[in-house]
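Enquirer: Pasting a structure below so you can have a look.
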Amino acid sequence: MGEIGNLEQLPLHNLPSTASGPEVSLQVINVAASSMREMQSAATSTSMGVYDSSDSSGYLSEINPQEAWLPITESRNGNTVTSVFHLLSSGIGIQALLLPVAFSTLGWAWGIICLSLAFTWQLYTIWVLVQLHESVPGIGTRYSRYLQLAIAAFGPKLGKLLAIFPVMYLSGGSCVLLIIRGAGTMELFFKMMFGGEATSEDNPLVGAGWFLVFTCMAIALAQRPNLNSISGFSLIGAVTAIAYCTLIWALPISKGRPTGVSYNSQKEESGTSEMFDVLNAIGMIALAFRGHNLVLEIQGTLPSSSKCPSKKQMWRGVTLSYIIIAMCLFPVAIAGFWAYGNKIPSNGGMLTAFMQFHGHDTSKFAKGLVYLLVVINCLSSFQIYAMPVFDNLEFRYTCMKSKRCSWWVRTGFRLFFGALAFFIAVAFPFLPSLAALIGGIALPLTLAYPCFMWISIKKPRQKGHGVMWCLNLGLGCLGMVLSVLLVVAAVWNLATKGLHANFFHPE
């Protein structure tokens, strides 16, 4: 590919004037090939970022102007450090505190094995996405959005069918869950500051009021223009996530285990119930890793050149960030299970267990700090998870108007999304109870689709790459089977334990 590209760039008048016969034929073929490539490049530039490597600075310059109008690709001045901030902020979430609950079902050995396998698997799929971001060397095509890559791999119809719902849920749905959890933690923080004795006059806000306060704070912070400009918020989100994950396992270890802690696996007598409990535990581990829907978007903020493609900086950022993520998640799972064993509550995980068993002998400052860190982390994570939604809204606008969004249009879109997310949070405050079900449906986006995309785009079965073909096919099929099993287990869990569907009545 590189040699053909170099031949095509040779000016025609530099060929010898006496050229004839085969030389003239070769000259005509080169001109025709160049024209065909230009036509193909122009045809694809409307749906993805296409770049011209002729920029004197060495970096690939954009041909499609729409890419420079949208929040995700408006600024490509990021670096390895900013990518680490974004990956940490999007990769560590409150669901990591449920890992000890999974260990209470699986036990020590299988819990550590499943957590290690899930970590390795999802890290491999991130590597695949990083490689596919610029999947055709020399042409400069960059897939800076997950949906773009899905369409390129599976075609317009199948790509949209497979990817739209998971991407919507993992972006907009995550923002709704952050409102519910962040607002609930704000309320707990307020009650703790008043010693649990606050009256209705001292605490005039009810559940919906706290949702509104959190949403207003999140949308007020969401006025930054593009993904690269919120690296400061991502830094705060990363620091707070690391801090509360560390505190939540370090404090119980320092205070000792409650009496009567057991490490025997919690399994029901029925074989069917036992199987579904194990599947639910595996689901908790699989859903503890998040952020795959943002990997391509984060890489889209990095500059790229033919000598230094963005995948090099991005993979350095992924390596650094996931070392830190492993240092957070593994201690939470292992130390949390050591501290509470089978006493850990299934709802709330480590945070609820700590307040229940060690809240009485822990200072108000330490408890308040944990709550405050969780709230700040939810506000910071909201910014990066909302960015794909903002990008999609502005994409529709720029397609219709063929111009960049003005500041008041951009602000209007963000206010609209904040109002919509607030309405959904108030209407369905029980959404966290459905996280396992919906997360199981969206799980292929993390574990399966990247493998199938690699097969479709790279075609590794050709030229002796049968090992990569078999590996990706096996992981992709296993990911789809696991997704189906987790959905069935979540439905079984809801059918046996019930669902407290408090519509329009947040508590």
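Numbering starts at 1 and runs along the chain as it is shown here.
Here the Cβ of each residue, glycine as well, is placed from N, Cα and C on the backbone.
Got these off TrEMBL a minute ago, pasting:
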DOMAIN    77-489  domain 'Amino acid transporter transmembrane'
TRANSMEM  84-103  transmembrane segment
TRANSMEM  109-130  transmembrane segment
TRANSMEM  161-184  transmembrane segment
TRANSMEM  204-221  transmembrane segment
TRANSMEM  233-251  transmembrane segment
TRANSMEM  317-340  transmembrane segment
TRANSMEM  369-390  transmembrane segment
TRANSMEM  411-431  transmembrane segment
TRANSMEM  437-457  transmembrane segment
TRANSMEM  469-492  transmembrane segment
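In terms of burial and nearby residues, how do these features look in this structure?
Expert: Packing against the transmembrane segment (109-130) from elsewhere in the chain are residues 99, 102-103, 149, 281-282, 285-286, 288-289, 292, 295-296, 299, 311, 314-315, 318, 322, 326, 329-330, 333-334, 337, 446-447, 450-451, 453-454, 472, 475: each is 6 or more residues past its ends and has a CB under 8 Å from a CB in it.
Within the chain carrying the transmembrane segment (161-184), a Cβ under 8 angstroms from the stretch's Cβ atoms is held by residues 94, 146-147, 150-151, 154, 207, 210-211, 213-215, 218, 290, 292-293, 374-375, 378-379, 381-382, 385-386, 388-389, 417, 421-422, 424-425, 428-429, 431-432, 435, 438, 441-442, 444-445, 449, 506, all 6 or more beyond its ends.
Away from its own ends, the transmembrane segment (204-221) comes close to residues 175, 178-180, 182-184, 186-187, 233, 375, 378-379, 382-383, 386, 414-415, 417-418, 421-422, 425-426, 429, 505-507 of its chain (Cβ-Cβ under 8 Å, at least six residues beyond either end).
Beyond the transmembrane segment (233-251), the same-chain residues lying 6 or more positions past its ends with a Cβ under 8 Å from any Cβ of the stretch are 82, 84-86, 88-90, 92-93, 96-97, 221, 224, 324, 328-329, 331-332, 335-336, 339, 350-351, 354, 358, 362, 366, 369-370, 373-374, 376-377, 380-381, 383-384.
Listed as Cβ neighbours of the transmembrane segment (317-340) (distance under 8 Å, sequence separation of 6 or more from its ends, same chain) are residues 80-81, 83-84, 87-88, 91-92, 96-97, 99-100, 102-104, 108, 111-112, 115, 119, 123, 126-127, 130, 241-242, 245-246, 248-250, 252-253, 257-258, 261, 263, 288, 295, 298, 349-350, 353, 357.
Within its own chain, the transmembrane segment (411-431) is flanked in space by residues 172-173, 175-177, 179-180, 183, 207-208, 211-212, 215-216, 218-219, 222-223, 386, 389-390, 393-394, 397, 405, 499-507, which lie at least six positions past its ends and keep a Cβ under 8 Å from the stretch.
When Cβ-Cβ distances below 8 Å are used as the criterion, the transmembrane segment (437-457) is approached by residues 121-122, 125-126, 128-129, 131-132, 135, 146, 149-150, 152-154, 162-163, 165-167, 169-170, 173, 283, 286-287, 289-290, 292-293, 468-469, 471-473, 475-480, 482-483, 486-487, 489-491, 494 of the same chain, each at least six residues removed from its ends.
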